[in-house]
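Visitor: Take this structure, written in structure tokens, and hold onto it; I'll ask about it next.
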Amino acid sequence: IGTLYFMFGIWAGLVGTSLSLMIRTELGKPGSLLNDDQLYNVVVTAHGFIMIFFMVMPIMIGGFGNWLVPLMLGAPDMAFPRMNNMSFWLLPPSLTLLLASSAVESGAGTGWTVYPPLSSNLSHAGPSVDLAIFSLHLAGISSILGAINFITTIMNMRWEGLLMERLSLFVWSVFITAILLLLSLPVLAGAITMLLTDRNFNTTFFDPSGGGDPILYQHLFWF
């Protein structure tokens, strides 16, 4: 699975790099190249999501983690190999949803933070933002399952006599990262789910006209 993570991360990295090149050519000279601000915003948004959720996290945590953590603990495999499998296979459909979101209507041109009111159903009436939110949900589930797996593996699968203070710093870094991920990702999930209901079920979590607060989204997102 570690190898699959690497392959997936490299592929997503190539997609992200091509988006990055579009951004650089647009900004590299005066005047407009794409002649469409919405399209540029969509490229920036997709670039942010792809590079974080589909390149950096799968390669740095999924790839290196799966290869090195069991090796450094003296464990035969991760604590939950089948959950590990599921963590990986949630990513391709997630990436597909993200790419679909940029193809539907005029794409999700909200910036990678998906801030309201830019992501409200007034600014983006079509399903593009909803698809992006579903994509984030899948990527988040994958990350949370992976984090649970890493924490359990590091706590329970060490060689006898391999105390926590004798662990390599790489294992510690994965351990701490997984704990922080497990704390913060559900908050982001709550924020984007509230945004989803704002868009589709007439709630007003982030809509000032209904007593909501768009700054609340920023608090939840950046937590």
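Start at 1 and count along the chain as shown; that gives each residue its number.
Any Cβ shown, glycine's included, is placed from N, Cα and C.
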Visitor: State, for Gly2 and Asp77, whether Swiss-Prot gives them the same topological domain name and hence the same side of the membrane.
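Guide: Domain labels match for Gly2 and Asp77 in Swiss-Prot.
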Visitor: Quick check: in three-state DSSP terms, what is Gly31 (Ca(2+) binding site)?
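Guide: Coil, per DSSP.
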Visitor: Near the transmembrane segment (174-196), which residues from the same chain, at least 6 beyond its ends, have a CB less than 8 A from one of its CBs?
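Guide: Same-chain residues near the transmembrane segment (174-196) but 6 or more away: 61, 65, 69, 114, 116, 119, 129-130, 133, 136-137, 140, 143-144, 146-148, 150-151, 154, 167, 203, 205-206, 217, 220-221, 223.
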Visitor: C-alpha of His47 (Fe(II)-heme a binding site) to C-alpha of Glu26 (Ca(2+) binding site): distance in Å?
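Guide: Checking the Cα atoms of His47 (Fe(II)-heme a binding site) and Glu26 (Ca(2+) binding site) gives a distance of 14 Å.
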Visitor: Can you work out the mean pLDDT of the predicted model over the topological domain 'Mitochondrial matrix' (70-88)?
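Guide: Per the prediction, mean pLDDT sits at 95 for the topological domain 'Mitochondrial matrix' (70-88).
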Visitor: State the residues, same chain only, that lie 6 or more residues beyond the ends of the topological domain 'Mitochondrial intermembrane' (112-130) and have a CB under 8 A from a CB inside it; answer 'none' if no residue qualifies.
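Guide: Sequence-remote neighbours of the topological domain 'Mitochondrial intermembrane' (112-130) are 44-45, 47-49, 52, 101-102, 104-106, 136, 192, 195-196, 198-200, 206-207, 214, 217-218, 221.
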